[in-house]
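Structure record follows, encoded as structure tokens.
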Amino acid sequence: MYLLLITALLGSAYSFPTSTLNNVTRNTDLASQYVLPGESFPTFYDVSLFIDPANTVSFNGKVSIRIIPRIATNVIVVQAMEMTIRSISVFTDRNSNENLFASFTLATDDTHFLRISTRTQLLPDQPYIVNIDYESKYAPNMFGVYVSTYQQNGRTVNLVTSQLQPTFARRAFPCYDEPAIKAIFRTTIYAPAAYTVVRHNTPERTVPLKEDVAGYVKHEFEDTLVMSTYLLAYLVSNFEHVSNEQNPIYRVPFRVYSRPGTQTNAAFAMDFGQKNMVALEAYNEFPYAFPKLDKAAVPDFAAGAMENWGLVIYREVALLVTEGVTTTATRQNIARIICHENVHMWYGNEVGPLSWTYTWLNEGFATFFESFATDLVLPEWRMMEQFVVTMQNVFQSDAVLTINPMTHAVYTPSQIMGQFNAIAYQKSGSVIRMLHHFLTPEIFRRGLVIYIINNSRRAAGPSDLYAALQQALDASDHSIPYSISNVMSRWVNQGGFPVLNVRKSAPNANSVFISQERYLTDRSLTSTDRWHVPVNWVLSSNIDFSDTKPQGWIPPSFPATSIDIPGLANAEWFIFNKQQTGYYRVNYDPENWAALARVLQTNHAVIHLLNRAQILDDSFNMARNGRLNYNLPFEISRYLINEKDYIPWAAINPAFNYLDIVLTGSSVYNLFREYLLTLTAPLYDEIGWEATANEEHVMAYHRNIILDINCRLGNQRCITRAQELLEQFRNNPTQRLNPDLQNTVYCSGLRGGDRDNFNFLWEQYLATSDSSEQNILLNALGCTSNPELRTFYMNQVIDANSPVREQDRHTILVSVINSSPENMDAALEFVIENFHRIQPRVQGLTGTTNILNAFARRLTTETHAERINQLVSRHQAIFSAGEQASISAIREHIAASIAWGKDNAAVVEDWLEDNYGEPKPEEPSAAHSTTAGFIVLLSAVVAFFNIH
């Protein structure tokens, strides 16, 4: 499952610290309450569903389950949710005359246990047939089987589809709804003749087995392979499709289904999706197992996409490309999501997790390969270079003490849903990327081939993965000093990540001392967590960033480790963590930071661009964290005036955004604006507003960063041009703007509070059915500074007649929060007043955490802390566990920002005054320039600075 706006889900990754003993006791209690007792298991399901999309309340179903008891028992326990049980019968596999059924109970709580009692004991290892006739409610929150709608020729058209991961197959039919409990599924869907496109995981049967039913058309599907319940999918619709029949790039029948009239928008998915499957099949040396692969774009879908085996369901904006409308970012996301779901055909479907405790085994590999395998097809997109920026972003969220580890025990449906967060996705993908490098790419690949072969159609745990990788490592000529299991156990079972503190043993030494500690945003907190950390390095006297194998390891011990580095004494500078392949930060002594600043200013190209990104990100975050004097990262950042590559700018942009937030309203804010406008001035002139025919893929991202800084911070040329472009569009809406410029242009036109601009863009939103265009407009409309229009816009979240789909409503508040400090404050007041109204009206299970985590990134003051306390006091009674965790994250981030003001504000203000303020009479204007001598002096001044 691919979650859009995954970074906004981070709140659910937080936990509340308790003692280990309490956790064990609590987990044991939860396991006994929520995990199926295992007295029996299924081998085969025969499911019949009667689905009429015109009936938006419920559907009828029948299921026949062939089960085998493990022990003598007179109770069969399965799971069922939001359904009425009409009848149950239990027979032996050989005797259908004697009904063994006695009674049943269906839980009314979230255990969802359907307990079926029999009149006699069932014998172990003997097959029985359980028949259940039921009526089930359509899911109101897009989790389960549910109704979606769209407009066609002025009328509303219904369809029915499904999202069964992680715990919602039990809403489709009574079943053993846990990922490790696999079986074969036979499905028949009865639908009215008006719905001509009915799809399931497998093709329709050519020889029917079931009886016809009056008023319905029967659609019988071939039996599946052995698989988990959550991977089943259904589609009852009038969709149309494109296929690979005329151009079979991939060997398996491949179709893309979507609303009528959108088939041309499926061309990219058809082409890239097939090429990507070819690449993945070759990499994994294991054929895709199902006889077809459908992809369907539905209007209403809670996640970004879902990897149902043979029928992958997507939100429209995650699959369809509209030329001239879809942005570069959306097109890249579509490729990444298609790849993510394709990867799951092996990692998740072919080999699934033992339980949702190991969600990262699915989502971590899908997240790593969504970039790696997109690179295999579209190397010019530089996806693995962009991955470093993704890793840097998740560092921020993984730097709190309460964050969950990758392997995190979960039992309740709410806990399980909370596992689908940035830790399971981005962090796990980043740790897997590190594993890929410290094993070396080919050994890593060989290990995964072994993993898939050994565990095909089975449920696997981390130990199965480690065993396969170890087998590949042992068969190679590469070695590491620890077993893979020992290395990985700390990375997956501990939250957070380390910072390595690297210091020369002596000024002229050929060795360094390296200590590690857990990197925490709040340095008043401590942790004893340590890791096995692979390290490598580059010296200025021997510049080679290409070989990313480990040159040493830092053990999980508290004393510093000494590493000999021949030639270090003669090196001007050194860098640890080549291409930032390791999932950790690095802090140096001030002298090395200063040397890195010098080389960046004189010849930045000698340092690999990923390490330039690392230096920027690590230094600014180390300063934000109080580990480094802010003067050093500011001096490092001066080189950006000459930096023309997107990746370092993407790395530094979050640091600039944070400084923009904390300095707003300060006496030096205008100097901060001058600082950024000065750094970006050459690129503003060079990149400009016009895209060229042959510019590289990432240039659209780079242009957006530069234009956003300039238009937002007051470059009048930028503002004027944005207003001109918006005026041209308003005067002639048929002449569309470059999609990549639209957000910048729209926001610039709305920041002044112009009512006509807002109304024009709102009408554009109402008039379009294209999900890409809707997404751009929803994100831009939050930029309005007009209080009346802002209130109108925020009210679309809670208005019962809002034209915004439920899955998109949280975007309204997130866009307002992110647009400006004034709008953020207005959004905070709105949420405090209306949280009880917002909660049931945004996308189920994740919408409110998206909103709360947008606040977590921007609230910084004592006043904000007080307002959060008011939010809690008014609404705590209705907070979900995920919402409570988000509140905890907000408070931790506010506390860190308050500490930042006390510890760092004066240093930052002094640097800006010294370098961008008016020269004092006794200080000539040379303060505006940088010299090597200044950096040397700075090094001496900060040498005493406490580096942990």
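Any Cβ shown, glycine's included, is placed from N, Cα and C.
Because TrEMBL annotations are produced automatically, they should be read as predictions rather than curated entries.
Within its own chain, Glu341 (active site, proton acceptor) has Tyr2, Lys295, Ala305, Met306, Glu307, Val312, Tyr314, Ala366 as residues 6 or more apart in sequence whose C-beta sits under 8 angstroms from its own. The active site, proton acceptor feature in TrEMBL is assigned to Glu341.
Around the Cβ of Glu363 (Zn(2+) binding site), a 10 Å sphere holds 31 further Cβ atoms from the protein chains shown. Look at TrEMBL and you will find His340, His344, Glu363 tagged as Zn(2+) binding site.
For 42-231, the entry in TrEMBL reads domain 'Aminopeptidase N-like N-terminal'.
What TrEMBL lists as domain 'Peptidase M1 membrane alanine aminopeptidase' is 268-491.
The domain 'ERAP1-like C-terminal' annotation in TrEMBL covers 573-891. Regional average pLDDT for the domain 'ERAP1-like C-terminal' (573-891) in the model is 94.
According to TrEMBL, the signal peptide annotation covers 1-15.
Residues or ranges marked as site 'Transition state stabilizer' in TrEMBL: Tyr425. Cβ-based neighbour count (10 Å, all protein chains) for Tyr425 (site 'Transition state stabilizer') stands at 29.
Within the same chain, residues at least 6 positions away in sequence whose Cβ sits under 8 Å from that of His344 (Zn(2+) binding site) are Glu307, Asn362, Ala366. Tyr425 (site 'Transition state stabilizer') sits 5 Å from Glu363 (Zn(2+) binding site), taking the Cα positions as reference. Around His340 (Zn(2+) binding site), taking its Cβ as the centre, 29 other Cβ atoms fall within 10 Å, counting all chains. Compute the center of the Cβ atoms of His340, His344, Glu363, which mark the site for Zn(2+); besides them, the chain residues with Cβ within 8 Å of that center are Met1, Tyr2, Glu307, Glu341, Val343, Tyr347, Gly348, Asn362, Phe365, Ala366, Thr367, Glu370, Tyr425.
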